[in-house]
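Peer 1: Quick paste of what TrEMBL says about this protein:
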- 1-197: region 'CPSase' (REGION)
- 9-139: domain 'Carbamoyl-phosphate synthase small subunit N-terminal' (DOMAIN)
- SER53, GLY246, GLY248, LEU277, GLN280, ASN318, GLY320, PHE321: L-glutamine binding site (BINDING)
- CYS276: active site, nucleophile (ACT_SITE)
- HIS360: active site (ACT_SITE)
- GLU362: active site (ACT_SITE)
Amino acid sequence: MSAHAPTHPTACLALADGTLFYGVGFGATGQTEAELCFNTAMTGYQEIMTDPSYAGQIVTFTFPHIGNTGITPEDDENADPVAAGMVVKWMPTEPSNWRSAGTLGDWLSARGRIAIGGVDTRRLTRAIRHAGAPHVALVHNPDGIFDTEKLVAAARGFAGLNGVDLAKDVTCAQSYQWNEMRWAWPEGYKPQKDPKYKVVAVDYGAKRNILRCLASAGCDVTVLPASATTEDVLSHNPDGVFLSNGPGDPAATGVYAVPMIKGILDQTDLPVFGICLGHQMLALALGAQTVKMSHGHHGANHPVKDHETGKVEITSMNHGFAVDGQSLPKGVIETHTSLFDGSNCGIRIDGRPVYSVQHHPEASPGPQDSFYLFERFAEAMAERAR
Ligand SMILES: NC(=O)CC[C@H](N)C(=O)O
């Protein structure tokens, strides 16, 4: 047991290699198995927990004070927490924030998500870096009784995210319209009343703030389920097509999404913009490869270089797979790379308004340096209409 562990643990996190971390459980009780990652963002735990891209993952927060600004309903990126669970260093204190409407613990309980506090998250983060996104089992039992052998076996039994399509679990059941714009102080969220472009956004697990950024850039957004075909998309007669973020392996979701994307590219000259999973699947549709990273990129201060302007953007990131920059075919330009490890962060088709990025220009949480990418999409649609 680490020096940080409580004397009466009510939760236990088991790594597949047999390492155990004890702590105090909060949120729901029960047990869950998942891949474990760490996120280095200092703010935005609610947006992180509700980002559908985290389906199948438990998030370790490296920032020690999590939960102390409470829960604010307008900050949800999805109706439910989608991450499988959370690991924090200090137990959340009483919320201190005028916007807060409740506590993190109650919010997690109501939504069936398990959390563990009192963990030495620095040691755990080193373990994640060493093992590369380990498979884990997390149990919260107020009795404090754990069958650790069974728990390690459950961690070992988790099949992982390779080859797994999770977009089908988090996509919308039916299409819907979206016109709410980004938060503006002091009015809050306002509708886009004068949209200039009709955009179809295919939802592989879209964050709400992406849809808000599209609306703020002048788009009237029709959101379609992940299973949408080329014909479904084109039946809305869009000015542009957006491919959303989402969880799981891009190659697995690509089995049905890539033919749709190829159809759009082959049959139209429409502007196409993709983010994260959407970026990875656009790259697959163009003939490139994706790879599983060791422990991925999850944070809100990742520097990315835009090779076309020479500018460096500080970005929000959340991905465990990446496009292999070496595999890009002729005619596909690498537009952005990570200054942390040189991995691919953006592509575009030479001579066409078809582009995508690995990072999250919608922020939420994180810096807004990359918002220009939404404006670039709007400009491409304006250009095509001229
Ligand atoms: N945020 C995302 O869209 C994540 C994409 C993909 N699931 C990955 O982990 O790389």
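Including glycine, each Cβ sits where the backbone N, Cα and C put it.
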Peer 1: Select the closest residue to GLY320 (L-glutamine binding site) from the following active-site residues, measuring between CA atoms: CYS276, HIS360, GLU362.
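Peer 2: Closest by Cα distance to GLY320 (L-glutamine binding site) among the active-site residues CYS276, HIS360, GLU362: CYS276.
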Peer 1: Could you break down the residues of the domain 'Carbamoyl-phosphate synthase small subunit N-terminal' (9-139) into DSSP helix, strand and coil, giving a count for each?
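Peer 2: Counting residues per DSSP class in the domain 'Carbamoyl-phosphate synthase small subunit N-terminal' (9-139), I get 29 helix, 42 strand, 60 coil.
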Peer 1: Please report the DSSP secondary structure of GLN280 (L-glutamine binding site), reduced to three states.
Peer 2: helix
Peer 1: Under a threshold of 6 Å between Cβ and any atom of ligand 1, which of the recorded positions ASN318, HIS360, GLU362 are retained?
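Peer 2: Within range of ligand 1: ASN318.
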Peer 1: Do any of CYS276, HIS360, GLU362 (active-site residues) have a CA within 10 A of SER53 (L-glutamine binding site), and if so which?
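Peer 2: Taking CYS276, HIS360, GLU362 one by one, the ones whose Cα falls within 10 Å of SER53 (L-glutamine binding site) are CYS276.
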Peer 1: Tell me, if you would, which residue among SER53, GLN280, ASN318 (binding-site residues) has the fewest other CB atoms within 10 Å in the structure shown?
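Peer 2: Across SER53, GLN280, ASN318, these binding-site residues, the one with fewest Cβ atoms within 10 Å is ASN318.
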Peer 1: List the same-chain residues at least 6 positions away in sequence whose Cβ sits under 8 Å from the Cβ of HIS360 (active site), in sequence order, or say none.
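Peer 2: Within the chain, HIS360 (active site) has Cβ neighbours under 8 Å at LYS207, ILE210, ASN245, ILE275, CYS276, THR315, SER316, MET317, ASN318, GLY366, SER370.
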Peer 1: L-glutamine site residues SER53, GLY246, GLY248, LEU277, GLN280, ASN318, GLY320, PHE321: biggest Cα-Cα distance, Å?
Peer 2: 13
Peer 1: GLY248 (L-glutamine binding site) has how many other Cβ neighbours within 10 Å of its own Cβ?
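Peer 2: Summing over all protein chains shown, GLY248 (L-glutamine binding site) has 26 other Cβ atoms within 10 Å.
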Peer 1: Look at each of the recorded positions, CYS276, LEU277, and point out the one with the fewest other Cβ atoms around it within 10 Å.
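Peer 2: Minimum Cβ neighbour count within 10 Å, taken over the recorded positions CYS276, LEU277, occurs at CYS276.
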Peer 1: Using the Cβ center of SER53, GLY246, GLY248, LEU277, GLN280, ASN318, GLY320, PHE321 as the L-glutamine site position, which other residues in that chain lie within 8 Å, going by their Cβ?
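Peer 2: Going along the sequence, the neighbours come out as GLY205, ASN245, PRO247, ASP249, PRO250, CYS276, HIS319.
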Peer 1: Taking every protein chain in this structure into account, which of the binding-site residues GLY246, GLY320 has the most other Cβ atoms within 10 Å of its Cβ?
Peer 2: GLY246
Peer 1: Roughly how many angstrom lie between the C-alpha atoms of GLY248 (L-glutamine binding site) and GLU362 (active site)?
Peer 2: 20
Peer 1: Measuring Cα to Cα, how far is GLY246 (L-glutamine binding site) from GLU362 (active site) in Å?
Peer 2: 14
